[in-house]
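Let me begin by presenting the structure, written as structure tokens, before commenting on it.
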Amino acid sequence: MDQRNYTRVKEFTFLGITQSRELSQVLFTFLFLVYMTTLMGNFLIMVTVTCESHLHTPMYFLLRNLSILDICFSSITAPKVLIDLLSETKTISFSGCVTQMFFFHLLGGADVFSLSVMAFDRYIAISKPLHYMTIMSRGRCTGLIVASWVGGFVHSIAQISLLLPLPFCGPNVLDTFYCDVPQVLKLACTDTFTLELLMISNNGLVSWFVFFFLLISYTVILMMLRSHTGEGRRKAISTCTSHITVVTLHFVPCIYVYARPFTALPTDTAISVTFTVISPLLNPIIYTLRNQEMKLAMRKLKRRLGQSERILIQ
């Protein structure tokens, strides 16, 4: 059939996380607390790294960028989810859906590349400690961060450019709570088998490759640390363990969603909630609870703010 005869749908309807009103209220409270904690936790990391001069190192410079990404990434889906949990109708316009997918993959892609840059940073710190500050200069760190965002942009544009030309004539019901490629692609009024393979290659296989590359990289780093001794070795192992935990929590759901045929499974909703809303919360928790230097810096900043407040009152 000629694609010009198709009538493009004007909006999509979400089935949402649950159809139960009672459970919706419970989930609203839980996810609202998670989202607020995500914003405050990541914002606190940003402020601490910016205000504490002894944290002006490449590792914390990159960590601040990750916090910015986590705030933006969670804000792509969480506010809409919270609104829909209290709404009878859960709809989003076609243009709104495309916009959500664009920023979702832009920030998700930048997140993946940023985690790779952080692994490279740890490798240089362990393998070339005497030249670390020279190699990971402020200019180079900035360039790597910009490259991560550009990589996310290219990845997102590739997704959207493949999806936009497709005809969408109905149905318009998405069995999820946000717009993403696997669910939207299934609603196209044409054969999408080849396109699905391209999407799986772009998202899933790349996620697998980067995940294993990062695991191998951190394994090499940990093996290199066997020759180190003292407090520096303990701190380096703690930092690498935190990075490995964050990488695993990010990539396992990502691989589950994108590295398989785009067919709905009963566990999809739970995995998606973990991936989109809860994962950005875990990053600040992991990096602050396991990082004594960060915790000491936060206490120092708190004392400074307290002193400033007393001076203003006087």
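Every residue gets a Cβ built from N, Cα and C, even glycine.
These figures come from a predicted structure and were not determined experimentally.
As annotated by Swiss-Prot, disulfide bond applies to Cys97-Cys189, with the evidence given as sequence analysis. Neighbours of Cys97 (disulfide bond), defined as other CB atoms within 10 A of its CB across all chains, total 24.
The N-linked glycosylation site annotation in Swiss-Prot covers Asn5.
What Swiss-Prot lists as topological domain 'Extracellular' is 1-25 (among others). Summarising model confidence by region, the topological domain 'Extracellular' (1-25) averages a pLDDT of 80.
Per Swiss-Prot, the feature topological domain 'Cytoplasmic' maps to 50-57 (among others); the stated evidence is sequence analysis.
Non-local neighbours of the topological domain 'Extracellular' (80-100) in the same chain are 8-17, 24-25, 27-28, 31-32, 35, 160, 163-164, 168, 177-179, 184, 277; each lies 6+ residues outside the stretch with a CB under 8 Å from one of its CB atoms. Residues or ranges marked as topological domain 'Extracellular' in Swiss-Prot: 80-100 (among others).
Annotation comment: Swiss-Prot describes 121-139 (among others) as topological domain 'Cytoplasmic'. Remote same-chain partners of the topological domain 'Cytoplasmic' (121-139), defined as residues 6 or more beyond its termini with a Cβ less than 8 Å from a stretch Cβ, comprise 57-59, 61-62, 217-218, 220-221, 224-225, 228, 236, 239-240, 243.
If you look up Swiss-Prot, you'll see 159-195 (among others) marked as topological domain 'Extracellular'. DSSP states for the topological domain 'Extracellular' (159-195), grouped as helix (H, G, I), strand (E, B) and coil, give 13 helix, 2 strand, 22 coil.
The topological domain 'Cytoplasmic' feature in Swiss-Prot is assigned to 220-235 (among others).
Listed by sequence, the residues of this chain that lie at least six past the ends of the topological domain 'Extracellular' (259-269) yet keep a Cβ under 8 A from its Cβ atoms are 17, 175-177, 181-183, 185-186, 196, 199-200, 203-205, 207-208. Residues or ranges marked as topological domain 'Extracellular' by Swiss-Prot on the basis of sequence analysis: 259-269 (among others).
The topological domain 'Cytoplasmic' feature in Swiss-Prot is assigned to 290-314 (among others); the stated evidence is sequence analysis.
Positions annotated as transmembrane segment by Swiss-Prot: 26-49 (among others).
Only residues 6 or more beyond the boundaries of the transmembrane segment (58-79), in the same chain, are considered here, and those with a CB under 8 A from a CB of the stretch are 31, 34-35, 38-39, 42-43, 45-46, 49-50, 100, 103-104, 107-108, 110-111, 114-115, 117-118, 121-122, 125, 132-133, 136, 138, 141, 144-145, 148, 177-178, 239, 276-277, 280-281, 283-284, 287, 294. Look at Swiss-Prot and you will find 58-79 (among others) tagged as transmembrane segment.
Sequence annotations record features per position, and here Swiss-Prot assigns transmembrane segment to 101-120 (among others). Packing against the transmembrane segment (101-120) from elsewhere in the chain are residues 59, 62-63, 65-66, 69-70, 72-73, 76-77, 144-145, 147-149, 151-157, 159-160, 163, 178-181, 184, 206-207, 210, 213-214, 217-218, 221, 243, 246-247, 250-251, 254: each is 6 or more residues past its ends and has a CB under 8 Å from a CB in it.
Summarising the annotation, Swiss-Prot assigns transmembrane segment to 140-158 (among others).
Residues or ranges marked as transmembrane segment by Swiss-Prot on the basis of sequence analysis: 196-219 (among others).
The transmembrane segment annotation in Swiss-Prot covers 236-258 (among others).
Long-range neighbours of the topological domain 'Cytoplasmic' (50-57) within the same chain, counting only residues 6 or more positions beyond its ends whose Cβ lies under 8 Å from a Cβ of the stretch, are 64, 133, 293-294, 297, 300-301, 304. Secondary structure of the topological domain 'Cytoplasmic' (220-235), assigned with DSSP and counted as helix (H, G, I), strand (E, B) and coil, comes to 14 helix, 0 strand, 2 coil. The transmembrane segment (270-289) shares the most Cβ pairs under 8 Å with 26-49, out of the stretches 26-49, 196-219, 236-258. Residues 3, 6-9, 11-17, 76-77, 80-81, 84, 90, 92, 94, 96-98, 100-102, 104-105, 202-203, 257-258, 262, 264, 268-269, 272-273, 276 of the same chain lie 6+ residues outside the topological domain 'Extracellular' (159-195) yet bring a C-beta within less than 8 angstroms of a C-beta in it. Within 10 Å of the C-beta atom of Cys189 (disulfide bond) sit 17 other C-beta atoms, taking all shown protein chains into account. Distant neighbours of the topological domain 'Cytoplasmic' (220-235): 119, 122-123, 126-127, 292-293; these residues of the same chain sit at least 6 beyond its ends, with a Cβ under 8 Å from one of its Cβ atoms.
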